[in-house]
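Database features (TrEMBL):
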| type | residues | note |
| --- | --- | --- |
| COMPBIAS | 1-10 | compositional bias 'Basic residues' |
| REGION | 1-20 | region 'Disordered' |
| DOMAIN | 27-62 | domain 'EF-hand' |
| DOMAIN | 97-132 | domain 'EF-hand' |
Amino acid sequence: MAPKKAKRRQQQGEGGSSNVFSMFEQSQIQEYKEAFTIIDQNRDGIISKDDLRDVLATMGQLNVKNEELEAMVKEASGPINFTVFLTMFGEKLKGADPEDVIVSAFKVLDPQGTGTIKKEFLEELLTTQCDRFTAEEMTNLWAAFPPDVAGNVDYKNICYVITHGEDKEE
């Protein structure tokens, strides 16, 4: 009886998240698959505590407590196969930071507290730092959030859309 329940629970977990593949582009799914394969050290298709311990050890973290590993594994509702792994990332990405956290990050770039950032400054940051925006991504950004006549971008509006979706009142 127990194995059937476990199997049924696993199927429900996967079935409820099969839509997760539509949340990502194919290239992103491939990147997550590569990451999953690296973490799944014993190649059994499931990320376990031992897999996490082994991959953390390869990154130089040798003294990870058992409780920490258990907490990581317990973030999933069941065994962490690739679909569950992808679902966990989807949930984390879907649940973006709260609006005030994102606004605070932008405020660092707005020392005068105007609520805006110069388009040129924001574009320079987004195209030269970390995950750099492409020219097409910049075009899409400016189409969605056009700067005012003085060349300022309302970052509070951007934060609102990030956290609430595009259904903003005009």
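Every residue gets a Cβ built from N, Cα and C, even glycine.
In TrEMBL, annotation is done automatically, which means it is predicted and not curated.
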Restricting to the same chain and to residues at least six past its boundaries, which positions have a Cβ under 8 Å from a Cβ of the domain 'EF-hand' (97-132)? 138, 141-142, 147-148, 151-156, 158-160, 162-164
Take the domain 'EF-hand' (97-132) and average the pLDDT across it for me. 88
